[in-house]
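The structure appears right after this line, and notes come after that.
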Amino acid sequence: MKDFDTIAAISTVLGEGGISIIRISGDKSLAIVNKLFKAKNGKDILDMKPYTMKYGHIIEQDTKNILDEVLISYMKAPRSFTAEDTVEINCHGGVTPTKKIFQEVIKAGVRVAEPGEFTKRAFLNGRIDLTQAEAVIDIIRSKTELSMKSAVSQSIGKVSEEINVLRENLIETIAHIEATVDYPEEDLEEITSSQVQEKIEKIIEELERLLDTSEEGKIIREGLDVVIVGKPNVGKSSLLNALLSEKRAIVTEIPGTTRDVIEEYINLDGIPIKIIDTAGIRETEDLVEKIGVERSKEKINEADLVILVLDSSNKLNDEDYEIIEYIKDKKYITLLNKSDLESKINKSDLEDLKLYNIIEISAKMGFGLEDLKEYIKDLFFKGDIQTDSIIITNTRHKEALIRAKESCNTALKALENTLAIDLASIDIKNAWLSLGEITGDTLEEDIIDKIFSEFCLGK
């Protein structure tokens, strides 16, 4: 275990609640808290048994007044989250008592932890690898049960297991090649170019299998940005309200009622989807509405999917044509809204405009919403969403897998010349190094620091 100073942070959200937790980690954590804590039985906590709790009070050192009634828990190294001695103070929830106790802890000789520093110590002390560390923040940020399940799978080492098997196969191959090249006089089983090629091809197959999950995995982790667009008063806000099953957007007969972007999340069979209702796109002299239109265009450019809403009870006009032209290069679904009314849109017109993925709906009556949801899933997922197998959800992991695959392919090219078997080992080692970046075994320190800096305080 590495030699670190003692750190502390408030691990729960500041606000009113049942309890707040202040976490202290480091070899001085128990001694520091002992200065502030007075147990109900009058004993200090230096002889406290690990994995137990003690009841008492935190005492303000300057005034000797009781600050709060608390429970102290103690986890002894290396069997703690950070693999260091760790003490947690459980006090009453609330901003004032939590801050006052935290101030006393810092005054007693503890450094304020940086964002993600507890998890970083768990990684540096060897309790978890980098994929497991990243999974911690993914669990915290998960928006659906499916995204949480995927993050939990990563947190218990499922991704690491697959990566480590691949790395082990690569390093064994390197060892065989180098032994054959460096010690030809020894009585060693010689590895041939074709044998190495067969091993590398199998590894490439495994890399491709993992990479095939990455697009769906990214969506499970980060969700989809879905933008609703259309001219004013075609039913965009009604669609948003119908998808949310609540009245989130104002619905009136007055064009331009939605003047800004409205964003809400929905859970689509475990997929977190951010639905973005935009201001109607049209030419306007109203300054506020004009700003809303510009924001709408920005959201369209950033979107994973655009839902184009057309009013089927009215003929298409220049405003519709302008929007259709603007989104033609995006992935989109066309909704013919107000299907409960007589349709005045000619299907042949839609064919001429090369519009596709057309669904008839009535946002007001609720018709066609399930068809829309199924269409979204079909556009981004190949069949049913698999939750039991390993899914690559992290872009950093995907990029490392791509580099590993490229190195393996370069090794195969080198092996086409049977005399260049030793040259292939260089590329195989590069693949091994790339996979090590995923688990953190071969990653640069500054990149590791950047990853943990994105964590929240207290974690």
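A Cβ is built for glycine as well, from the same backbone N, Cα and C atoms used for every other residue.
Taken from Swiss-Prot, the feature (6S)-5-formyl-5,6,7,8-tetrahydrofolate binding site applies to R23, E88, R127, K459. According to Swiss-Prot, the domain 'TrmE-type G' annotation covers 223-381. Taken from Swiss-Prot, the feature GTP binding site applies to 233-238, 252-258, 277-280. Taken from Swiss-Prot, the feature K(+) binding site applies to N233, T252, I254, T257. Residues or ranges marked as Mg(2+) binding site in Swiss-Prot: S237, T258.
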Where K236 (GTP binding site) and K459 ((6S)-5-formyl-5,6,7,8-tetrahydrofolate binding site) are concerned, what is their Cα separation in Å, rounded?
-> 40
Specify the secondary structure state of K236 (GTP binding site) as given by DSSP, simplified to three classes.
-> helix
Pick from R23, R127, K236, K459: which of these binding-site residues has the biggest number of other Cβ atoms within 10 Å of its Cβ?
-> K236
Any idea which of the binding-site residues N233, S237 has the thinnest Cβ neighbourhood at 10 Å?
-> N233
Find the average pLDDT over the domain 'TrmE-type G' (223-381) in the predicted model and report it.
-> 80
Nearest to S237 (Mg(2+) binding site) by Cα distance: which of the binding-site residues R23, E88, R127, K459 is it?
-> K459
With N233 (GTP binding site) as the reference Cα, tell me which of the binding-site residues R23, E88, R127, K459 is the closest one.
-> K459
Compare all C-alpha positions of R23, E88, R127, K459, the record's (6S)-5-formyl-5,6,7,8-tetrahydrofolate binders, and send over the largest distance in angstrom.
-> 19
